[in-house]
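**Q** Here's the feature list from TrEMBL:
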type     : residues : note
TRANSMEM : 159-179  : transmembrane segment
TRANSMEM : 185-206  : transmembrane segment
TRANSMEM : 218-241  : transmembrane segment
TRANSMEM : 247-268  : transmembrane segment
TRANSMEM : 381-401  : transmembrane segment
TRANSMEM : 407-429  : transmembrane segment
TRANSMEM : 441-462  : transmembrane segment
TRANSMEM : 474-495  : transmembrane segment
């Protein structure tokens, strides 16, 4: 047994035991297995006879608490369950990500629909409306992550969706900077739960290899949102009413769509594979067994201070956060793109429709990027680096192409959308290389705070004095696109080196014999062994954990 690992077990064994009832559908089979195991232990016949290490069920994964167990996983059955999960979860995730991005970019689309003129906004005030969204997102990101750990994920997300839908509809009643400022603050507070919630849910239902592709699927809906937003803007321009302007109709339409999605999430979105209503009890057990290979479990509702400290002292946490911050400074283009394209000489209708091309670029590049990662083992960093090359080329072109060449400038802007793939891959990657539920939600929260920092700082690059060429903002964007791939390569080198160190250490048996006591429905107390994958260990505690690259 490896020296230096066992104190964790004695620490956990001091926690009091508390009982969570088993699902009725599974209890009969589990009771028979557990009673058999108890008799073997009592008689000294089992492989684990004489082992008496006990931990509180609150310290282990929820999958271990409810006691789902599959002796042998049938690949065909696992594939069937995975497809069923895809059918029920992916459509909802993709729709919501489309809606949240569309809602987030309502400010940019409303800029060409008259919101600045109606609310008498200066350039600086308009930039602040973009920034306050991300400042609010930043302030509430860690609380949102902790709430996602504490409460039911699906229900918490649906509450946030409802609140931001109401806030979005309320934009239509605004006639001042102050009112818009307050509502944008509410939007940022609520939308901070979505990406974090999706990262948690994706890690619950999918293996690490599958997760990268699924993150890509729901993130590419940002591109779909740009296309739909372009057509909605085009349609809103043709609504002529005496008391309502096009930008107000645009807010009402998008807000109504979001309200429908909020209701759908409350009814249909699952909180965990252990309770998913669309799965049978047997399928829930298969879903849990499928992700055992991740060595990260499903979830744990207890906040663990030691995992928080580990997250804060882990170098990769801050490297991912730095990457996220720098990669999202250019994301200020979200609210500036329409203004920039219109400055090239295109009219309002042309600008609205040209925004659809940005969406097509994002969809194609994200889809091809995650497909490459799924085919090319341990390639996340390398694929991301490749997709940053067009971004760098685009920033050089837009700074050097003559102002008279409007088509060339337009293509340069489209090129800068290719590198979104790098951020998408990083979202899946940070989830795949972080274990321990408290640590994972903390690391994800810190990374998304970096996302907010970049998005908050970005809008202030776009000053009136830099127009129309905006050389200074584009140079800053180009520098970010050079540094970001280098950070990803550093992360890959660190994780690959750690994998080699662990390979040299040999197997880790420190957490092989851990048990919890379970009270069955007939009142019998039995001892159940907990698989290492469901002990809620961190990636540093579990030396058998290997980082994907």
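Quick reminder: no glycine exception, Cβ is built from N, Cα and C everywhere.
Keep in mind that what you see is a predicted model, and the values were worked out from it rather than measured.
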**Q** Taking the transmembrane segment (381-401) as the reference, which of 218-241, 247-268, 407-429, 474-495 gives the largest number of Cβ pairs under 8 angstroms?
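**A** Of the candidates 218-241, 247-268, 407-429, 474-495, 407-429 scores highest.
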**Q** Could you tell me whether the transmembrane segment (407-429) and the transmembrane segment (218-241) have 3+ CB pairs under 8 A, leaving out pairs under 6 positions apart?
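**A** Contact between the transmembrane segment (218-241) and the transmembrane segment (407-429): present.
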**Q** Counting a contact as 3 or more Cβ pairs under 8 Å, with residues at least 6 apart in sequence, do the transmembrane segment (159-179) and the transmembrane segment (247-268) touch?
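**A** Between the transmembrane segment (247-268) and the transmembrane segment (159-179), which are separate recorded stretches, there is contact, as judged by 3 or more close Cβ pairs.
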**Q** Should the transmembrane segment (185-206) and the transmembrane segment (441-462) be scored as in contact, given a threshold of at least 3 Cβ pairs under 8 Å and pairs 6 or more apart?
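**A** These two stretches do touch.
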